[in-house]
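Read through the structure below, which is laid out as structure tokens, and then see the notes.
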Amino acid sequence: MRAKPQSPLPRNPVPAWSPPTTTTDPMLEKDAAGGDFPANLVLQLMPLKTFPAAIRGVIQSELNYSVILQWVVTMDPEPVLSWTFSGVPCGMGEKLFIRRLSCEQLGTYMCIATNSKKQLVSEPVTISLPKPIMQPTEAEPMEPDPTLSLSGGSAIGLLAAGILGAGALIAGMCFIIIQSLRTDRQRIGICS
């Protein structure tokens with residue numbers, strides 16, 4: 001006597017943040033008639049084709065945008081493909097179109113291919129909203145560097161030294177110009 005067919009979904013679903021590659025979960029190792037496959041059989045989870053593209057098993061999409069999930073699987077005889085959303089059947093066929101994505105449609109999707117000989121399960125894909133862009137934080141006020149700050153007496157001293165330096169520069173330039181003019185007059189006087 002054969003065991004009753006059980007749910008094709010795993011007892012312990014694989015977390016979406018860690019895309020699976022293989023499993024040995026006996027719940028996934030049932031044929032369509034409900035018979036057991038050998039317990040040491042390694043079941044390969046097949047990836048889905050998605051739009052937008054899934055990264056590490058996660059599709060990030062804005063609300064009201066379309067999401068397309070597709071699973072191309074080759075089995076003999078031809079399988080029946082059924083889609084699940086968080087463990088609940090939600091569609092049939094090779095493609096699942098989610099038009100105008102809403103908050104209620106965010107979650108984990110899987111596809112199950114069943115024929116008279118066996119059953120295959122796709123890798124789970126989680127649809128989520130994009131992570132918000134972090135706003136820049138307010139800059140903390142910087143403390144002035146005490147070695148470069150001027151205040152009080154040192155500021156007045158620097159200002160006075162600057163004024164005296166500028167005065168000396170101007171006086172030196174005037175002296176050079178006057179000397180140059182005197183020298184030119186003396187040359188003219190000698191030549192005449």
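For all residues, glycine too, the Cβ spot is worked out from N, Cα and C.
According to Swiss-Prot, the features are:
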type     : residues : note
COMPBIAS : 7-18     : compositional bias 'Pro residues'
DOMAIN   : 20-128   : domain 'Ig-like'
CARBOHYD : ASN64    : N-linked glycosylation site
REGION   : 1-26     : region 'Disordered'
TRANSMEM : 158-178  : transmembrane segment
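Averaged across the domain 'Ig-like' (20-128), the predicted model reaches a pLDDT of 82. Sequence-distant contacts (6 or more apart, same chain, Cβ under 8 Å) of ASN64 (N-linked glycosylation site) comprise ARG100, LEU101, SER102.
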